[in-house]
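Student: Before I ask anything, here is the structure I am working with.
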Amino acid sequence: MTASLDRPLRARTTGMRRSSAERARAGGRRRVTGALLTVAAWGAASLFFLPVLWMVLTTFHAEPDAATNPPSVAAPLTLENYASFFSSNPWPPILNSISASVGSTVLVIALALPAAYALAIKPVRRWTDVLFFALSTKFLPVVVGLLPLYLFATTTGLQDNIAMLVLLYTSMNLPIALWMLQRFLAEIPKEMLEAAELDGAGLATTLRSVIAPVALPGIAATSLICLIFSWNELLLARTLTATVAGTAPVFLTSFLTSQGLFLAQMCTAAFVISLPVLLAGFVAQDKLVQGLSMGAVK
Amino acid sequence: MTSAARRRTAASTGASVAPSRTVSAAGAAHLRRAAWARRLPLLPALIFLVVTTQIPFLATLVVSLTSWNALYPDQRGFAGLENFREVFADAELRSSLVTTVVLTVTVALVSLVLGLVLALLLDRSFRGRGIVRTMLIAPYLVVPVAAALLWKHALLNPQYGLVNGALTWIWGLFGSSAPPQPAWLAENPLLSVEATLVWQWTPFMMLILLSGLQSKPTDALEAAGIDGAGPWQTFRYVLFPHLRQYMELGALLGSIYIVQNFDAVYTLTAGGLGTANLPYSIYRTFFQAQDYGLASAMGVLVVIGTILIATFALRVVSSLLREEINR
């Protein structure tokens, strides 16, 4: 609202000296600029959304109509791709993805919440160093630890086991969760905590009545982001799983090689596997915005 | 201080030594307990992180000093810095280092700028703003490997991809039957990978900057308006400094993920035609060449590089952590 915020103000302050005709002209110019900006926003959004729209449309087209040049937008719609996708039994990998992402998200929050409390509400000394260390583990590309993890998994029998993925996804998301929750908890006004302390409230009461109401949306946002990252992960899942514990993204890549390339079926598989994330993201847009900015950089 | 005075002081402290020592001992114990009570909630998370990230890294470090190729198990042994020398001597690996830097910088910068433009466009009320935002978030919410497949087959395929299909359609409108039909992935492989990643990361940058705009300093903006500052001046001197932290955050988080990108490179080009970045090269050295020692040395170098850059970025350039220290 940069432009529209200062302009009405300027118009108001200088408008006293302007004739009404001048004012009308300025208003008209503002309306034109506004309309242009709106058109630009819609145009950009359409451009960014087009590939997703195309993917969805292709899932409803028969295979011959999907691969045409120029594109056949108005081809008859069909559900046969969905029938064929679900008959290829995608459930085991989808269930694996659900277990891995939900399991690791629960573990992440259980580990990160107390730690974030120690970093934000009763900060330990040198707490920025702690945060920096946690974050620095993210600079370690996953692929760098892959060989030891692979060897560990094969020797302990954790190869092709969801538990291994749960642990690694937890490790992958913990630093980000820690940072986000630290920011969210730091938002809690110090005065409220001091007031609770003066009133003699115990830790449990303080947690329930002061911290929880402010922190819960933050915890939800953090969980959502951890869920998305775990659901999306390919490299670890590809390397550390085989037939039993393969996740949805692994299934997506192997589905293609085993079926050959059928464009409509590929789009169907890609769309179905993205659907949970798309829905969760659309529903929780505001939380996502808040969460991604770590509860607002202050 | 005279010696008499010193004696007096000594005497007075001496007199109170017994009670004060017990008090301070109890106090110290109490303080220690309090300090531990503060540190305790931190420990599970830290121990978990150390075990799951530092130990594998140490193992990688050890392996990087050995000659270990799974295809030649009997030639295993200490190699010193031989693997590191090989990394620098290998032209292909040097080029994957360059690719990583180019890919990361390009994608992070382009998506940051596009994200800023989009965030500014969305930071005003207009009809359908919610729908527009939902549409713009969508690319970020498509599973990355699904997005890579979508771009490779449904959009950039030279025969039936949407991009070339659209070119055919537009050229057809003007009666031409010879539209340009570039083989995008073969002719501009790195650009194709970058386009896919920019498409995925622009919404991320937009989201971060949008939340920055939501907390913009309204009074300062009003003051700038009253002082007669134009839109550009207002943006440059009021809004931009406010958004700086958000841009740093977006660039930092985006880069962390883009540096490590594996899905797009693996799916779109399988590292061919100069698109192999370091994560992909390491993956290939592990699982195809099975040269564990060499792959580990590459990994160690990547870590050293990223830690150096990130430390510099976070500690020197960025204000993200600095402000927090004053809390």
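The backbone N, Cα and C atoms fix where each Cβ goes, and this holds for glycine too.
Caution: TrEMBL annotation is automatic and unverified by curators.
As annotated by TrEMBL, region 'Disordered' applies to A:1-26. Annotated transmembrane segment per TrEMBL: A:32-57, A:94-118, A:130-150, A:162-181, A:210-231, A:262-284, in sequence order. The annotation domain 'ABC transmembrane type-1' is assigned in TrEMBL to A:94-284.
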Student: Rank A:32-57, A:94-118, A:130-150, A:210-231 by Cβ pairs under 8 Å to the transmembrane segment (A:262-284) and hand me the top one.
Tutor: A:210-231
Student: Going through A:32-57, A:94-118, A:130-150, A:210-231 one by one, which has the most CB pairs that fall under 8 Å from the transmembrane segment (A:162-181)?
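Tutor: Between the stretches A:32-57, A:94-118, A:130-150, A:210-231, A:94-118 has the largest tally.
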Student: If we skip the immediate neighbours and take only residues 6+ beyond the ends of the transmembrane segment (A:94-118), which ones have a Cβ under 8 Å from one of its Cβ atoms?
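Tutor: Residues 124, 127, 162, 165-170, 172-174, 177-178, 181-182, 184-185, 211, 219, 222-223, 226-227, 230-231, 237, 241, 245-249, 251, 273 contact the transmembrane segment (A:94-118) from elsewhere in the chain.
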